[in-house]
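Notes follow once the structure below has been shown.
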Amino acid sequence: MHEMSIAEGIVQLLEEQAVAQDFTRVRALWLEIGPLAAIEVESLRFCFEAVTRGSLAEGARLEIVELPGRAWCLGCNASVAIRRRYDACPQCGSHRLQVTQGDELRVKELEVE
């Protein structure tokens with residue numbers, strides 16, 4: 001379950017930012033996650049709740065913003081929507097796709113005190 005190490009990394013990032021930006025508590029956290037990031041959202045929620053106990057993010061609301069997956073098709077030279085990494089191009093059926101969006105995991109916004 002790599003979601004645990006991801007949650008731990010998020011808490012570490014929050015602690016670093018708390019020092020740099022002078023806040024003491026995280027009330028809410030918005031994460032952008034793409035469908036190609038290989039992250040189980042419910043597992044991440046569970047792990048986040050577990051690793052934030054006793055930290056500045058304990059009790060913080062975790063909001064997930066799901067990004068769409070997009071790729072550039074080398075077969076028809078079009079930007080297309082995809083749900084999985086190995087989807088075929090919905091326009092021409094080619095599998096020669098380069099992912100351009102959807103494999104992200106990033107902190108979008110924080111609400112802090």
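Heads up, residue numbers simply count up from 1 along the chain you see.
Keep in mind that glycine also has a Cβ here, set from the backbone N, Cα and C atoms.
What Swiss-Prot says about this protein:
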- HIS2: Ni(2+) binding site (BINDING)
- CYS73, CYS76, CYS89, CYS92: Zn(2+) binding site (BINDING)
Ask   = Whole-number Å distance between the CA of CYS76 (Zn(2+) binding site) and the CA of HIS2 (Ni(2+) binding site)?
value = 36
Request  = Return the single residue from the binding-site residues list (CYS73, CYS76, CYS89) that has the minimum number of other CB atoms within 10 Å.
outcome  = CYS76
Ask   = Which residues does CYS92 (Zn(2+) binding site) neighbour through Cβ under 8 Å, counting only same-chain ones at least six apart?
value = CYS73, GLY75, CYS76, ALA78
Ask   = Are there any residues in the same chain, six or more apart in sequence, whose C-beta is under 8 angstroms from the C-beta of HIS2 (Ni(2+) binding site), and if so which?
value = none
Remaining residues near the recorded Zn(2+) site, that is with C-beta within 8 Å of the centroid of the site residues CYS73, CYS76, CYS89, CYS92 = LEU74, GLY75, ASN77, ALA78, VAL80, PRO90, GLN91, GLY93, SER94, ARG96, LEU97
